[in-house]
Amino acid sequence: MASFYSLYKTILFTLFVLLTSASSSSSSTYYLSNIVVNSTAEFINHTAISEFRILNRRVLAKCPDPNPYLSITTASNSSLSDEGFVTVHVSGVLLPSKGDWVGMISPSYSDVSSCPFNAIQYQQTGDLSQLPLLCHYPVKAQYLSKDPGYLRCKKKECKKYVKGSCVERSCSASLSFHVVNFRTDIEFVLFAGGFATPCILKTSNKLSFTNPKQPLHAHLSTIDSTGTSMRVTWVSGDRAPQQLQYGNGKSVPSKVSTFTQNDMCSAFPKSPAKDFGWHDPGFIHSAVMTGLNPSTTYSYTYGSDSAGWSGKINLKTPPAGGSDEVRFLAYGDMGKAPRDPSAEHYIQPGSLAVTKAMADEISSGNNVDSIFHIGDISYATGFLVEWDYFLQLITPVASHVSYMTAIGNHERDYVGTGSVYGTPDSGGECGVPYETYFQMPTAAKDKPWYSTEQGSVHFTIISTEHNWSHNSDQYEWMRKDMASVDRSRTPWLIFMGHRPMYSSVNGVFLKSVDEDFVKAVEPLLLANKVDLALWGHVHNYERSCAVYQKECKALPTKGAGGIDTYDNTNYTAPVHAVIGMAGFSLDKFPSDADKWSLVRIAEFGYVRVHATTKALRIEYVNANTRKLEDSFQITRS
Ligand SMILES: [Fe+2]
């Protein structure tokens, strides 16, 4: 990774020279060297940067004066509910063009003019295309051609009559935008010139949320392994403490936290989080229910009389550590996707199907005790409003069962801030929003590793983004944590972290597997008889044999029903599974694979695990078909 960063800095410097000379020579046209074109293509391939993200790297051109008929309005002038669709109507267009588009801007006073001198700031996100330059990130955008009649002017209106005949006609279009209550008001801006060379034509009326203080997006986590306490975390525009009411009349006040633009990390050039991607997160409330029974259903509400109340929600506590069984879902790299046809920064196309499948599973009473999301959580990466969309997306699952997380590169990494990898993948978040939204039972801030027990499983959950080398804090912690597991109480030891030790997809430029990490930590997994290691980061599903140092120590045999069965009665080595297939565009497998790789499938989905005292059964669910793509079990007699 060190060599990558040196190369990266060299490219940045080259760009700085190129861009400085380009912007001083002309404001409306620019020279783009082949180096930039080629590296842009490279980065789009590696990090799935959308055309929309590149929009923010463009210089605004001068717009011709809009015609006097042009208008952009919303279907309703009333205020916005907590979640819904806003119809935007553009009319009075004399000559419809493919380049006409609408951006949703929030807050409404944001500066969407040109910022040519910010150019160099944005290169460090990994996007090496030409300069930004809307001064503030548009939450989402749609071309007017999304309305199928627009370019052919199906919706006509006569604007000028001469002697009873129409001599000037205009065209119109309607677009639908999905909006969640992210508290700040919004406006819609009509641009011409496409995403590449936008200019502003007209701005809509402003719309506000009916209740920007509304408590929203509750999600649960455990604070220990007893199954008797549950933390609820939610978001509100109100800073005053609120109440969590549960059980039969119990109530506990929330602790309130937030983060500011000053808490975001940055370098030169500035990060998106510190600059054009910033959005006020409101206030994050958290409160802990106590005195619960494990594996039991309760109801809760949260809020206050002044800010508003949530509806009544059912939750299920997980089984206590040391009890006979647990059922959980697990995956990595889910993110979010728009529910409208908009372009957005960093879309993870599988996330909607995966959350829908899991929500169906939970609401159908399919005995889900908890969920584990192993890094690359929202992919907001410095565009903070996207956390609100992500939290809204997971609420149908995360408000009902504990949603336990591990940190990934897209939450934490940033050069010079203590992350193992010096890439700018968090966009300047440096784990601050992640740790505020997802309060796990960790020992301290920016030490996001922990263990927890549910049923017959001990989970050791690490950060691959923080120092894991010998004698580091985290290494010592994982050594002690795994050595302390009482296997008569929790017979199964599952290890989770974001970056895998084994993957057949290993890029040349950006490596999926860090051999230094494997060398440092894999011996601990073997020494402590880890049964199963679950990883994300690579966007597909891959299962290994019982493997150590790339050699199969044991192969599964066919058990009852023909299911692959690893017998750990005589333990040999951990089974590894990459499960980063929950949302991000899928990674294809190469045509050949090493012997340790037994199953390779790239379909959107998640794994469903059922652990008893005798068997650990894993099923890979295809989120679109709901069929099982793979099943295996690890047994011990
Ligand atoms: Fe990742």
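Don't overthink the numbers, they just go from 1 along the chain as shown.
The backbone N, Cα and C atoms fix where each Cβ goes, glycine too.
The signal peptide annotation in TrEMBL covers 1-27.
Look at the domain 'Purple acid phosphatase Fn3-like' (78-211): DSSP puts its residues at 13 helix, 60 strand, 61 coil. If you look up TrEMBL, you'll see 78-211 marked as domain 'Purple acid phosphatase Fn3-like'.
Taken from TrEMBL, the feature domain 'Purple acid phosphatase N-terminal' applies to 215-317. Averaged across the domain 'Purple acid phosphatase N-terminal' (215-317), the predicted model reaches a pLDDT of 96.
Marked as domain 'Calcineurin-like phosphoesterase' by TrEMBL: 327-541.
Among the features that TrEMBL reports, domain 'Purple acid phosphatase C-terminal' is placed at 573-631.
Across the domain 'Purple acid phosphatase C-terminal' (573-631), DSSP assigns 0 helix, 29 strand, 30 coil.
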